[in-house]
């Protein structure tokens, strides 16, 4: 869905130069066609299973409306994400409230909304039970299991190891289900696990699934009737151009194992997954403008997007492909390091990349920026957040406006005694 025309990067049928003339830079530009292709790939690979979009990856309402229209549920991690998921129109019977530190306010909101909960601790279980009794509801729950499985990814996004803050240790989950069965207001109907993000080796998924299914067999003996086994998300994407497993590959790895292990159960649970990055990651390009080219010990290209706009390279050392969006047909000439305008030396988007000759005013495209891009952006250094655009064929529209200087102080208040 990304191509070139007259040496200019195009998103579907639109040149990015046309977009930035109106929006300015930086700007996130998303392809609707690519988003829908990713959604259909999951639906085809897991046609009889439950698919919940991980709202954390990208919470833009327009994009979530498209995702919800394809029949997806939602994995939410906060009251704000639950609010956005409700506006987007996700199936209520497939909204799972995740998270390791839910406040009473968040739990009350989820119980009132009638969503399912992934319970992360016994304290949380007691709070859900208490609130459910207060409002006269029964809440369907799963426990999040920590399986102690290495997902072979960046340590900051590995969530299923024993030292992770998430989930109940797999050796202690039986006790949690025993407690849930004795409490009013909660009904255990599932089991949940999420081992990490940007996973490119499928074997940890299979390892985790087998640990979870061992637990499922055990808790059924307590009288728990499982309606779903949620293995979370985490499928990685091809940031570096070296290849990545597809939803079809993931299905081939885990569905036969899941179906085989279900023979050990008396119930017939559905497999649930929570894709996020692999739905939206490759759909979006960040367009940023060159403010300066500085030569010295290194050739630096200074652009108007830094880790205030895309924090992944600074936070995780992540690799994103870059190109000169207005010189797509030009031959690479020099090695550059692309840096942002933020007052820290870690503000680097791309290191040592061979690009065509870069000049002031050129546009740098940062690819695969659809997941954990805008949602992790900030107003650091007093920089208003950028716009987001959706392209559909030869049409495009702004789906999030660029912030103004006024937005920097919108929620601030000056006490009268300072005036």
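In case you wondered, yes, glycine gets a Cβ from its N, Cα and C as well.
In three-state terms derived from DSSP, residue 343 (active site, proton donor) belongs to neither a helical nor a strand segment and is classed as coil. If you look up Swiss-Prot, you'll see 343 marked as active site, proton donor, on the strength of sequence analysis.
Following the DSSP three-state reduction, the secondary structure of residue 276 (pyridoxal 5'-phosphate binding site) is coil. Residues or ranges marked as pyridoxal 5'-phosphate binding site in Swiss-Prot (evidence: sequence analysis): 234, 274, 275, 276, 277, 372.
According to Swiss-Prot, the substrate binding site annotation covers 277, 312, 316, 344, 372, on the basis of sequence analysis. Other Cβ atoms within 10 Å of the Cβ of residue 277 (pyridoxal 5'-phosphate binding site) number 25 in total over all chains.
Note on residue 56 (N6-(pyridoxal phosphate)lysine): other Cβ atoms within 10 Å of its Cβ, all shown chains, come to 22. Residues annotated as N6-(pyridoxal phosphate)lysine in Swiss-Prot, with sequence analysis given as evidence: 56.
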Cβ within 8 Å of the pyridoxal 5'-phosphate site centroid (234, 274, 275, 276, 277, 372 excluded): which residues? 54, 56, 57, 197, 233, 235, 278, 279, 371
By Cα-Cα distance, the member of recorded positions 274, 276, 277, 343 nearest residue 312 (substrate binding site): 277
Least buried of the binding-site residues 234, 275, 276, going by other Cβ atoms within 10 Å? 276
All chains considered, the count of other Cβ atoms within 10 Å of the Cβ of residue 316 (substrate binding site) is 16
Cβ neighbours within the same chain of residue 343 (active site, proton donor) - under 8 Å, at least six residues apart: 381
Looking only at C-alpha atoms, tell me how far residue 56 (N6-(pyridoxal phosphate)lysine) is from residue 276 (pyridoxal 5'-phosphate binding site), rounded to the nearest Å. 7
Other C-beta atoms within 10 angstroms of the C-beta of residue 274 (pyridoxal 5'-phosphate binding site) total 28
